[in-house]
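> Could you have a look at this structure, given as structure tokens, before my questions?
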Amino acid sequence: MNLPAFLMSRQNLDSDLFLHPTILTDQPVVLAGYNSQIDLPQTIALLRQMALNAASADKPPFDPSSGIGTPMNDPGEREILDAIAAGQMLIFSYAGDRCMKLVPVHRTLSRAIEAPTTENVLRGAISAFNEDLDTNIGLVKKHFSSEKLRLRSYALGGDQRRRTALLYMEGQIHEQLLQSIVRKIEALPDRDVPDLEALSDLLGFSKWTLITRYNTTELPQEAASALARGKAVLLLDRFPFALVLPSLVSDLFVSQSDRNFPVFFKFSFQVLRVLGVLTNVLLPGLYVALVSVNPEVLRIEIALSIAGSREGVPYPALVETLLLLLILELTLESTIRLPKTIGPTITMVGGIILGQAVVQANLVSNVLIIILAASTIANFTVIGFQNTTSLRLYKYLLLFLSAMFGVLGLFVGIVVICAYLGQVSTFGIPYLSRWKAGRRYG
Amino acid sequence: MDKSRQVIVMCLITHMGLIFFLYPADIIASLSVGQWSAVLFGFICHVSMVAVYTKGLSYCAPRNVIDLFQSAGNAFAFLALLPLAIYFVMMIIITVRAYAEIVTVIFLGNTPLWTIMLLFLAVSTLISSWGVESLFRTAMLVALLFFPFLILVIVLSFQNADWHYLLPLMDRKAASFSYVFHRPYLQSMFAFVGGFLFLGFIPSHVPYQRRKIVWFSFVLLPFFLISVYVPLLTFGENTASKFPFPFIMAVDTVDVSWLMFDRVTMFFMISLLCFVILFLALVKWEMLLLLRRALPAAKAPAVSVLLAVFVFIVCLLVPNWSAVEQMLWWNTYLRLYAAFVIPLVTFALGFSRRRKEAIES
């Protein structure tokens, strides 16, 4: 292959590609690589220094032992393109008969290690993952400095190679879990993994699941504690979260940073979270059941006061609740999209103005506003944003069952949810299992 | 990994669901004095049958009841298990129909009966289709959520107890056991049977310790006694015998001033109904195992749905409560067969198998 000609023609397609002629210890060479990835002046300075060192040891630059880059013997097109796409720099002679690749000085394209943006830590390490895979691996290693930490890395995908690292702790991890993950990943190395949906497809999870099979965490500390407990951690390049496999029901309630508090507080936080989940899921359904189907269950004073607050409300309780829930979901969704500076406006408009007006216009009852506000707040006691979304869904199942069958519907709904949770399993590890490293609890 | 805990919880839950509704009325109807002897006698039969059954199963360890019966010949297995299958189907029908009726009588007066039956059947079919392991896990979670609540209500149910009603402890009828072959008592066995037969169907990858099951059966005894004695202590025998659901009436008299709910019973009953749904799912699962062995060509989800549709149609054809009681009575012979013959045959087959293996080795 005529390397210079090939790269020239490539330059027409990729205006980002530079071909920079220079002289290296009296030898004219050409440097090639991507402008957007390589810091050229720094790299040239570094290269000069290396060339001088090589010359003083009487090694010509293209000699394998010169210490400048890795020689490539008659490389193919694919090899060349892969190397420059991976951010490496090519050095070749004018005629193109000799070539080597070099790890250059990269432009800084990742943000620095910062505090987490989706998880708050009160007490505990605050540094969070960022988009750079190697930084993330380094962070995990720093938090989990053990010689038993094992790492397997893969490049997944046909068109875009995405680097992926699988971390686990030797001797702790459930052997069957490790084998299943490795088998799934190695079976389809050419599948593109642009997002988590594709990843769960690759790992063989159903598309219709309501429970995320892997917990995502932004905190290296959480990833390290998961490793210590025998779980597997997947890191994807350009993805500032660690995926912890398998996810279990305890992940909703137990966080590693709780352990930085005295036991009593830790325990009470966990109880609060359980109560939060129950409140969030049950309250709207309970309201509908008690107002529209089984009012006799309530103490007469409370029943009368609720009936009084509903006076003038034109809809049945179910429609009333659904209307307000829809507005709440819209508020939630819009606060996520909006820039941080405008977010508080939504809180004010949605919470104060709308809440007040909707009651004064007799569209919904006071009690419902209280219940839905409490339920929404309770939703976020759960750990991990991905878990709150599935809880939001269960609420609707209970709501409809309650509207049809009253309190019976509510309880049957709980049984259905419990059964669903009981049925989910990840690589043979049930979602409801109590996790002990290396052993399986059902 | 030992799954004894899950099996025990499942066992407790299925019995709890059955105890509190029909059982107290039957026991109170069968004896006017010394009901404890009736409860105790039934319970001793129950525990001994559980012990015999699990012992028989432990002899033929990795196999389940169907394998065991088949090892004695296919024709034998078919003939011996057919009554059991009929019993299961009838039990599903009776349970669905009876509990739907209870629901409409007690708190969903305006809801049509068929929608409640449909709810029970749909949910139990769904759960049973996910398999027994997930059923066990569900039972654990449901028990964890509902049990503290049940215990609270049971404790509160003693609020209006008058302990004088406990006496007299014994009379001639109670001492002579003459009540045993009368209809109400035989009907009361409903609460015992069915709940433990699933032990024989558990696949071998869900191991459990049989001794633990037998010991933990004794946890049920207080509940059996409470279900009978709370209404007796609250109303006295004369009044309690007039109610169709004495325990529920007794709990309904409880007044808790610090609670925002007027009828705590409702939550109590509904929790028990949820246990009944799990029980239905369990029986459906056993039934499907039997059916699939008899008809290997049948596809699992289709059979499950067909069975549910069949049960639903039969339930719709049952006209009223007295018909339900009649069915409960007809089912008695099958129930006795399931309660006594199946465990004993299991034990005999297991024992002979064990001996044969001992001789061969």
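Every residue gets a Cβ built from N, Cα and C, even glycine.
In case it helps, TrEMBL gives these features for our protein:
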- B:7-24: transmembrane segment (TRANSMEM)
- B:36-54: transmembrane segment (TRANSMEM)
- B:75-100: transmembrane segment (TRANSMEM)
- B:112-132: transmembrane segment (TRANSMEM)
- B:139-158: transmembrane segment (TRANSMEM)
- B:185-202: transmembrane segment (TRANSMEM)
- B:214-235: transmembrane segment (TRANSMEM)
- B:264-283: transmembrane segment (TRANSMEM)
- B:303-321: transmembrane segment (TRANSMEM)
- B:333-351: transmembrane segment (TRANSMEM)
> Do we see three or more Cβ pairs under 8 Å linking the transmembrane segment (B:333-351) and the transmembrane segment (B:139-158), pairs being at least 6 apart in sequence?
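No, these stretches are not in contact.
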> May I ask whether the transmembrane segment (B:303-321) has at least three C-beta pairs under 8 Å with the transmembrane segment (B:185-202), counting pairs 6 or more apart in sequence?
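When sequence-distant Cβ pairs are counted, the transmembrane segment (B:303-321) does not touch the transmembrane segment (B:185-202), since fewer than 3 lie under 8 Å.
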> Sequence gap of 6 or more, Cβ distance under 8 Å, 3 or more pairs: do the transmembrane segment (B:139-158) and the transmembrane segment (B:303-321) meet that?
no
> Is the number of Cβ-Cβ pairs under 8 Å between the transmembrane segment (B:264-283) and the transmembrane segment (B:7-24) three or more, considering only pairs separated by 6 or more positions?
yes
> At a threshold of under 8 Å on Cβ distances, which of B:36-54, B:75-100, B:112-132 pairs most often with the transmembrane segment (B:7-24)?
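Between the candidates B:36-54, B:75-100, B:112-132, the best contact partner of the transmembrane segment (B:7-24) is B:75-100.
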> Can you name the far-off residues of the same chain, 6+ from the ends of the transmembrane segment (B:75-100), with a Cβ under 8 Å from a Cβ of it?
21-22, 65-66, 69, 113, 116-117, 120-121, 194, 197, 273, 276, 279-280, 283-284, 286-287, 290-291, 294, 307, 310-312, 314-315, 318, 324, 327-328, 330-331, 334-335, 337-338, 341-342, 345
